[in-house]
Amino acid sequence: MATSFSVPSMIMEEEGRFEAEVAEVQAWWNSERFKLTRRPYTAKDVVSLRGSLRQSYASNDLAKKLWRTLKTHQANSTASRTFGALDPVQVTMMAKHLDSIYVSGWQCSSTHTSTNEPGPDLADYPYDTVPNKVEHLFFAQQYHDRKQREARMSMSREERAKTPYVDYLKPIIADGDTGFGGTTATVKLCKLFVERGAAGVHIEDQSSVTKKCGHMAGKVLVAVSEHINRLVAARLQFDVMGVETVLVARTDAVAATLIQTNVDSRDHQFILGATNPNLRGKSLAGVLAEAMAAGKTGAELQALEDQWISMAQLKTFSECVTDAIMNSNGTESEKRRKLDEWMNHSSYEKCISNEQGREIAEKLGLKNLFWDWDLPRTREGFYRFKGSVMAAIVRGWAFAPHADLIWMETSSPDLVECTTFAKGVKSVHPEIMLAYNLSPSFNWDASGMSDKQMEEFIPTIARLGFCWQFITLAGFHADALVIDTFARDYARRGMLAYVERIQREERNNGVDTLAHQKWSGANYYDRYLKTVQGGISSTAAMGKGVTEEQFKESWTRAGAGNLGEEGSVVVAKSRM
């Protein structure tokens with residue numbers, strides 16, 4: 001006789017804890033924070049991927065802070081403005097004036113890879129490179145926050161009231177490039193970012209194999225669906241870790257010229273095809289292969305490709321249909337009727353497939369239309385892509401349900417492009433936040449803007465919805481400018497160059513690195529020594545004899561008259 005199975009109480013308790021956690025996750029997702037977020041998985045899926053040991057992450061507190069900051073800017077039609085930070089010095093100086101921090105993959109690639117091998121921004125560095133830089137800066141933020149607290153709690157109330165408080169814990173948004181590979185690579189990268197201190201991460205829609213800086217040529221896009229998978233993978237990892245890390249979706253569709261595949265119908269309307277029937281059966285890849293077999297190389301191959309492209313008369317399918325209608329026999333009114341019908345059926349928001357487009361074209365009488373998107377494929381197999389703001393808008397529509405901000409990479413600071421993109425994306429997703437790269441790759445002086453227009457550029461596009469704006473490489477360029485000009489002057493004038501260019505300017509501007517021992521935390525660790533040794537230490541770093549005492553004394557040196565009343569200066573306590 002079969003015996004009935006009795007479920008042990010331990011199993012029931014396990015299931016009870018699991019279901020309670022599932023309900024907790026579902027309630028979290030139902031909060032205001034995620035009202036715009038779409039997930040193709042369930043709360044049960046997330047909890048199943050978690051371990052039994054619940055963990056918390058400091059970066060989550062900063063992620064919530066970043067979200068509040070950005071939503072406040074969005075509500076006020078203003079922007080969080082920041083730039084790429086290179087090191088702890090920069091990140092602590094930025095904290096006094098800015099409300100977010102950016103960590104650039106370009107800067108890391110050129111100055112701080114985990115292998116110490118520098119190079120251009122091709123995302124070919126180890127995938128822990130940017131997370132390591134995030135940790136470097138996040139540790140510095142926490143350290144200077146601790147140091148400030150010790151300093152302030154050593155002051156009287158009156159002294160604290162006169163000493164500005166600096167919020168060093170500004171949220172960091174980091175460059176996740178393309179996610180560094182497949183789904184599991186993206187998941188592991190995002191886990192690293194959370195553990196290392198990132199409050200936000202951006203991921204772009206370029207191919208991870210051919211990734212380039214957004215302002216280089218030769219960019220290859222992945223299909224819309226593949227990038228959505230990257231965003232979903234990132235969100236899933238954040239959900240598994242129980243964090244609210246801000247996710248930024250970047251598109252390079254404005255300037256991209258190639259795309260990996262034609263698998264997604266949302267990309268079809270931007271893929272280029274050959275329209276010259278004389279090239280039927282003569283693919284570019286085949287022509288180049290024959291030329292290489294014949295011994296041609298370099299410039300000869302390039303000339304052959306240029307000639308083939310010129311002959312191919314590349315067009316999108318819609319352009320091909322439009323031209324065919326306009327060149328067909330018939331009255332002008334008949335042509336206009338067909339053109340209107342085509343435009344109505346093939347508008348960008350409908351994202352019709354090429355197969356659907358061909359069916360519509362045939363119904364309009366275009367039965368023998370020659371258009372072939374395989375013929376112009378590159379030797380690597382990539383399809384030709386017609387990049388545009390509209391292509392970026394279509395991708396923005398697709399990415400918005402899976403991201404918190406949308407970023408369109410551009411080739412110039414163009415207000416018309418910004419306006420078109422913002423209105424286009426918001427026509428479908430009115431509440432989505434937008435991001436903008438105030439790139440140093442732009443020659444701003446050649447943009448046609450006046451100084452006043454440059455000054456107003458950030459607030460102008462902020463009113464369009466670009467509530468997070470950043471100069472990716474300002475830390476890099478500022479570092480280079482200061483060191484180059486100082487080194488040149490120092491070689492010529494010696495110590496006077498240092499005193500005039502740096503020491504006096506630090507003093508004039510209240511820069512706390514003037515007292516660099518204090519800035520680095522000597523007082524803070526003296527407190528440790530004294531605490532361990534009962535309140536006194538003969539080896540305290542900031543004790544009698546420290547040269548930094550010189551910066552607390554009045555002095556009337558010749559040449560210092562421009563630094564204070566009658567040349568007498570008393571350096572106040574550090575702003576820290």
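We number each residue from 1, going along the chain as drawn.
The backbone N, Cα and C atoms fix where each Cβ goes, glycine too.
So that you can see what the record holds, here are the features copied from Swiss-Prot:
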BINDING   S104, G105, W106, G214, H215, R250, N437, L438, S439, P440, S441, T472  substrate binding site
BINDING   D175  Mg(2+) binding site
ACT_SITE  C213  active site, proton acceptor
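What Swiss-Prot annotates, mapped onto the structure for a quick look.
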residue : record                 : Cβ within 10 Å
S104    : substrate binding site : 27
W106    : substrate binding site : 23
D175    : Mg(2+) binding site    : 28
N437    : substrate binding site : 24
S439    : substrate binding site : 21
S441    : substrate binding site : 16
Rounded Cα-Cα span from D175 (Mg(2+) binding site) to W106 (substrate binding site), Å: 9
Candidates S104, N437, S439, S441 (binding-site residues) with Cα within 10 Å of the residue listed as 'Mg(2+) binding site': S104
